[in-house]
């Protein structure tokens, strides 16, 4: 079974090719079902590989399947090869599992879109790239997937490319990611010259013999790459804008799978990180904690239902890097998995709301939707409890693991993590109340809008939110179930219940802690409940006036500052280069041309055709030569 | 039995075609076209046959043929291909018929085709000459047809551009001519007689260091102009923008490669000591070109100028790889020569199609084309991604090999050069957004979708873009031995030691 690991990415690739050729014929909704089937098939294959791995001893859970030599580099060569081990298969399981649910959901969500089949074309290509990313047995295959998901993300964010904001957001995502890719490439170059190979097994195997400087360089450059892909400070900018894409895209790419690639990469090269200079993991932990807090603050003041979730994603990814920096790789992966469950659920729930509200995204125009969209509301509430850290939902367990590791690393990091947890509980409660509770605000909002021509609005202009069709609701229910029980993957009670840690141990090692877990867990629960209670007081009982400062709504003004810099001095500098090219460099060229022409013009005037002038010139020259020889050279 | 003189025929057939086309009366336009087509396809066929018969893992010059030409001066008709030139020969062979069939010059077909075929002969000859004098003849022949193609079939400012192109390259060549004669004369001491034979001079001559450096620079200036290397690049945007589409495709596709190829064959190979000595200068100019070209491209308002500046950046990578002097970097540079020819050639074709439809290349006048012509946009996207260097497509392979190979010998240059990868995404995606995204306005609403004939022209390009990106191994296997040999030559004739990356530790898990 292990040898068919190549089928995992091959099926979505086949789906992509088929839709490329026959997509228009298949049409809406057949193209969607076909694409879903391909990813689901991939999930089945992954399950097979998973059980095969499970049946082996821990040491044997490492299988490389080489397809062909891709780029020969002298004596070393880079193969197109896949690595099946506990880490990659864990990633594949949730990528294909959640991927097929979201594909299914998208059939309902994208129904009626004129570019329906094209959407699934990109979605399959994305699934393929993502699977290449996680299955690659060397850094270059991962990079192939890495850039592939970036490209698909670009296509999908600007899917509705007639909208200028969508087109701009897509471009911004790609270019910002490329800044990170620079770091990824640097990491590859360092690794290649130090190790002579880009294979993970060779790099990680050589970790112990690497110099500390080299290991630090590889780790930190890879982290720059991770910051781009996983939307960490200072490169997170593209992710909130990425919400311009259709909601299934936000759920799949910008919450559950692609944005976790950076965390995956760091875990994949964790042996390097372990031998790097100690400031390297500290930097990672600080960036992670800072991003978590930063984005959580911003999420408190957002009114767009998807923007809240976008900043929440940035914040949760920060948690994962906090875990990586604290050396708790299992906790990072654990949170990645549970986050994939509940954040995909929340995004799909938000999509269902947006669908039901006929493309309204402003939470101030929602309210009381739980009666009209009961399943969406119920599942969304489960997602909320999971992310808010309420036991026994999934998020509680994984977040608790991270906080424990942060506590071991440095108490300040732990406090930042706790404050973030409080804010998370607060803004998610705020969102749930604004969307599903309180009074219905969509009627007046609609009149105020006067959007009579809007699709799905009846002739009288009444907007009636409705529950979504089955293919959209089913994924919600499944994901809600996973959000409830997901914590069971890694329960901290005794060693044998820490299944994920045991499973991943051959790849990322173990993180041992002697800190008493229970008191920390109780503090975390208390903090979460305070956050929830606070939000209830403000938004449900309206006892306290909401504090939503403009600076937070503006995301601390960072995005604006960067845009202002790019549009101002940055653009001027670029213009300066173009000007210098046209006027200085080319000016010098044309200038010397003019000079030659001018000089030639002057010289031409000497050619008068007048014999007396020539005779005079000859005479004068003879005299001058005589003077030269006689007076200066001293002849005679 | 005498062996079929394939290399000689590669040069002769286009010349014959050119003469025939010139001689056939204007009254038979179809006959003119058929003649041009047949001779160029014949050349393409021969070049592909050459590739098929080319021995992999053989570093020597293959299919060599040598005939005395001017005996007194030791000048001979000496041709041969090795791994460094084979793919340039094939690219030349394949690109010309595509341009001749697929791109309409709109007027004076007869003269246009005649010049085109002469151009092909010149380019072919440059890539296979192993005699300095012969090389110079071909290198210079190329100028004439290109000058007339730009001046005769170009756009509004064509005369300025053609003159600039001609003078710029001519001045560079003047240095090279002096260099060639001086090299042959000075090498007499080591050869025993005057010879212009490249291999003999390279292997026997031992110039004093300062002499070698002067000679190297005489050659290098001509090639630096041709590449073009920053800051000698300003003829390129003008030439590209004003040239007819076919001219631009050939210019970007193969003509510029005469510069980078020349740097390898007549720079590094002929004067290893000087090339090693001049490394810092060339690495710096190459990286400056990568960044400068990319930034200048970002700010262009004319789509074709933008692509022209992107060439300055892309060619910078090739020069970086050349002077990094590691096997991977130089092999990557040769790959990049071919891949740039494919993807930038395709970009020029696409921009030409936009011009044919809209009669403008101003980015600000184009908008929303993806909505009205999605297939056209999709093809453009693939070519654009290849040019950006997305892995899985051809543009990535060469660029990656150059960068990773150069990292061992030119680390800081690589650190800066790699930022060019960010800029490439910026200028192309920004242009794409302005041209293809958004709602099309009145002028762009009737933009026609890709036609069958156009699709057929672009299909080989797309096929090569994907194939060379996914399976570059056959190319690398043929290029690398010759590069290894070249580097061996360099380390024998200079104090440069080619570094190698660490030996990989044998992994314990899996079968690797």
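Any Cβ shown, glycine's included, is placed from N, Cα and C.
Quantities reported herein were computed from a predicted structural model and do not represent experimental measurements.
TrEMBL annotations:
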type	residues	note
TRANSMEM	B:6-24	transmembrane segment
TRANSMEM	B:31-54	transmembrane segment
TRANSMEM	B:74-100	transmembrane segment
DOMAIN	B:129-421	domain 'NADH:quinone oxidoreductase/Mrp antiporter transmembrane'
TRANSMEM	B:134-153	transmembrane segment
TRANSMEM	B:165-187	transmembrane segment
TRANSMEM	B:214-236	transmembrane segment
TRANSMEM	B:248-271	transmembrane segment
TRANSMEM	B:277-299	transmembrane segment
TRANSMEM	B:337-355	transmembrane segment
TRANSMEM	B:375-398	transmembrane segment
TRANSMEM	B:410-430	transmembrane segment
TRANSMEM	B:455-472	transmembrane segment
Could you tell me what the rest of the chain brings near the transmembrane segment (B:134-153), counting residues at least six beyond its ends with Cβ under 8 Å?
11, 69, 75-78, 105-108, 111-112, 115-116, 118-119, 121-126, 159, 161-163, 165-166, 169-170, 173, 176-177, 180, 196, 198, 222, 239, 242-244, 246-247, 250-251, 255, 258, 262, 266
Cβ contacts under 8 Å made by the transmembrane segment (B:248-271) with residues that lie 6+ beyond its boundaries:
84-85, 88, 91-92, 95-96, 99, 103, 116, 119, 123, 126-127, 132, 135, 139, 142, 146, 183, 198, 201-202, 207, 212-213, 215-216, 219-220, 222-229, 236, 239-240, 304, 307-308, 311, 315, 318-319, 322-323, 325, 330, 333-334, 337, 340-342, 344-345, 348-349, 352, 486, 489-490
For the transmembrane segment (B:410-430), find every same-chain residue at least 6 residues outside the stretch whose CB is under 8 Å from a CB in it, and list them.
279, 283-284, 286-287, 290-291, 294-295, 297-298, 306, 309-310, 313, 316-317, 320, 323-324, 384, 387-389, 399, 403
The transmembrane segment (B:74-100) touching the transmembrane segment (B:337-355) per 3+ Cβ pairs under 8 Å rule:
yes
Same-chain residues near the transmembrane segment (B:165-187), Cβ under 8 Å, at least 6 residues beyond its ends:
73-74, 132-133, 136, 139-140, 143, 146-147, 150, 194-196, 200-201, 204-205, 207, 211, 214-215, 217-219, 221-226, 232, 235, 238-239, 270
